[in-house]
Amino acid sequence: MGTVSSRRSWWPLPLLLLLLLGPAGARAQEDEDGDYEELVLALRSEEDGLAEAPEHGATATFHRCAKDPWRLPGTYVVVLKEETHRSQSERTARRLQAQAARRGYLTKILHVFHDLLPGFLVKMSGDLLELALKLPHVDYIEEDSSVFAQSIPWNLERITPPRYRADEYQPPDGGSLVEVYLLDTSIQSDHREIEGRVMVTDFENVPEEDGTRFHRQASKCDSHGTHLAGVVSGRDAGVAKGASMRSLRVLNCQGKGTVSGTLIGLEFIRKSQLVQPVGPLVVLMPLAGGYSRVLNAACQRLARAGVVLVTAAGNFRDDACLYSPASAPEVITVGATNAQDQPVTLGTLGTNFGRCVDLFAPGEDIIGASSDCSTCFVSQSGTSQAAAHVAGIAAMMLSVEPELTLAELRQRLIHFSAKDVINEVWFPEDQRVLTPNLVAALPPSTHGAGWQLFCRTVWSAHSGPTRMATAIARCAPDEELLSCSSFSRSGKRRGERMEAQGGKLVCRAHNAFGGEGVCAIARCCLLPQANCSVHTAPPAGSGMGTRVLCHQQVHVLTGCSSHWEVEDLGTHKPPVLRPRGQPNQCVGHREASIHASCCRAPGLECKVKEHGIPAPQEQVTVACEEGWTLTGCSALPGTSHVLGAYAVDNTCVVRSRDISTTGSTSEEAMAAVAICCRRRHLAQASQELQ
C-alpha cells in the first residue's frame, strides 16, 4: 500500500482530477476505457524505465482523409520506419503513453502491428500529434477514417468466352485450388448458394452503428457479404463455383467500417498465411474510403507477399485515385458496367473511373444470394459486385495456373478483356484517355499464353503547371519498362525519358514553360529473362538531327523517347524512326537528347510500323497485327501541334490540337509510328541464343 501511495503522489494533477470525477462520470469513463486505470498505475514506472529521446524537430508527416465527413479524429495509425524492430514498435508505443501522461493526457494502444507493417493504432487527443511526430522511428501518422461497402444473370454470360456459352454457365475450371478472403459484413453462411463453401472466421473489427434506434436485423447485417460471397462462388449464380471462401467482418450492419479495422483484417490474413501457407490466395475488398497512405502501403506489403488483392473502384462517379484501396498500384481495381457494357449509374452517382482503374466488370442488377432467407435471391448493383466478378475470374485463372504472379495475372486479365466496348462519353472529358476501355472476361484458353508478350499502359498522375514540373510513371516490380511517352493537353512539354530510380527504370515526363502540366506514359511488359538498357545520345547541335542506335546485334529496339533541356518556344519534336536501312535507331531533333530502349530476351523480335496522313488531323493511329504486341509509340515528324503519343491496347495513338484553330498546313502532316514485338517459340529462340 505504501508503494502505491508513493506512486500516486507522482501523478500529474490533471490525471488526479480526472480520477476524482463524480461517480456517474467515473463509471462512464470506466465503461468506455476499462483498462485506463491500469495504464495510469503503470505510467510512472514506464517513465522511469524509458530513457528520454533527445528533443528534435519532427521529420515525420501527418495525413488525414480529404473528405471531412469520413474522418475519425481521436484514433490514429502510427507507422514506423521500414527497418524498425518488433521490440522497438512496442517501446515506441509505451514511450508515447508515458510522455503523454506527463502532459496530463490518457492514451490507449488499440493494436500493435507486426506482420503487416511496423506501427500501432492509438486512441489519443489530437493535441498529442506534435509529440507523437517527434518520437524516434516514426515515419508518418494517419488519422483513422471510414470505409464503406460499394453496393447500392446477364453478368455470367458477359464474362464467358463464346466457345463456352450454352444454355447454362459452365466455366472450364471452378477455382477449386484457390482460397478467397472476403473483407465485408457478416455472412449468412447457411444459404444454399454458399453453404459449405464459406468459412466464417472469428475476426470482427467494426465501428458502432450510427443512430440510437438502429436495429441489427440479421438480414440487414448479412446482406452485402452474403450477396458478394454468392457472386464469387455461389452454386447457381457464382463465377468460381469451386472456390472456397473465408469471411472477415470489417463492415457493420450499415456497411460502414474503418481504415484501422481493415488494416487489422489484412494483418489477420498475413498471419494466417505465415502460420499455414496455402496455395494461391485472393483477397476481395468490396469497400472504399478516402485516400489513405497507410492502407495503400499495407496492400503493397500483402501483394509483395504473393497475395492477389481485388477491390471496388468506388461508387462516387469520381476519379478512383482519390480513394483507397482503389488507388493502390498493387491492387486490381475494378469499375462497374451494365448489361450493355456501359458505365453503371447509381442515382446521381455511379462507378468511379480514371487511370487507377484496371478494368471494368458487370456491376448492375447482379443476381445473388439474399440474406432474407436460405433460398432467397436478390439483385444488387455497384463496384463491389464488379470486383466480386474479377475475384472469381482471378480464382479460376489461378486454379489453372497457380504459379502466376500478380503482374502476370493482371496482364492476362487485361489481355483477355473485351476491348473498346464502353461509350467513353459517360466519363468526364479529361478522364477519357486515362480510363481503360476494358470489360473483364474469362480467357478462352491458357494454352500458349506463356509465350505471349503481354503489355499494358500505365499513366502517371498529372504534373503541376510549373516549368520544371515532372510526372513519373512506374511499372510493377515484375514488369519491364519497354518504352516511355508523354501527353500534354496544351501541347507544351519538354518530352520524356527513361531513367533509373531505386534500381528500376521509370518514365519521367517534363512540363514546359506556359504548359498546363504533363502526364508520363509507361509501356509495361512481361519479358522473362530480359536484358534491357537505355542508350542516350546528347543533342547533336547541328546536322540532320540527333540519333541513337541499339549497338548490340542481339538487342532489338522496343521504344524511343526524347527530352529538351531548353524550350524551343514551347514546341516539342519527339523522336522519329527510320525503318528503312537501320530499323534499330531513333532519330530526333538536333537540339534534343534521344533515348533508345534496347532489349535482349529469348525469342524477342520487333519491327516498325508507320501510318501517316497528308494533312494534320486531331488523331492518327496505327495498330500491330495479330500475334504482335505494341511496345513503343511515337509521332512523326512531331510538330508543335502534337499533344502526345500513347498506347491503347495494341494501337498507337497520336493526338494533336484542334486543327481548326491552329492554322496548320500540309507541310505539317504527321504519322503514328509503332514498334511491334513478339516472342517466338522456345525451341526456335533457344537455337538463336546459342
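Each Cβ is built from the backbone N, Cα and C atoms, and glycine gets one as well.
For Cys321, the cysteine that Swiss-Prot lists as its disulphide partner among Cys356, Cys373 is Cys356. Per Swiss-Prot, the disulphide partner of Cys532 among Cys475, Cys598, Cys599, Cys606 is Cys599. A disulfide bond in Swiss-Prot ties Cys455 to one cysteine from Cys507, Cys519, Cys524, Cys525, and that cysteine is Cys525.
Which of Cys550, Cys560, Cys676, Cys677 pairs with Cys624 is settled by Swiss-Prot: its disulfide partner is Cys676.
Asp184 (active site, charge relay system) sits 52 Å from Cys550 (disulfide bond), taking the Cα positions as reference. Neighbours of Cys560 (disulfide bond) among the disulfide-bonded residues Cys356, Cys455, Cys475, Cys606, Cys633, Cys676, defined as a Cα within 10 Å of its Cα, are Cys633.
Sorting each residue of the domain 'Inhibitor I9' (75-147) by its DSSP state yields 25 helix, 27 strand, 21 coil. Cys677 (disulfide bond) sits 26 Å from Cys356 (disulfide bond), taking the Cα positions as reference. Within 10 Å of Ser384 (active site, charge relay system), counting C-alpha to C-alpha distances, fall none of the disulfide-bonded residues Cys475, Cys525, Cys550, Cys586. The number of other Cβ atoms within 10 Å of the Cβ belonging to Cys676 (disulfide bond), over all protein chains shown, comes to 23.
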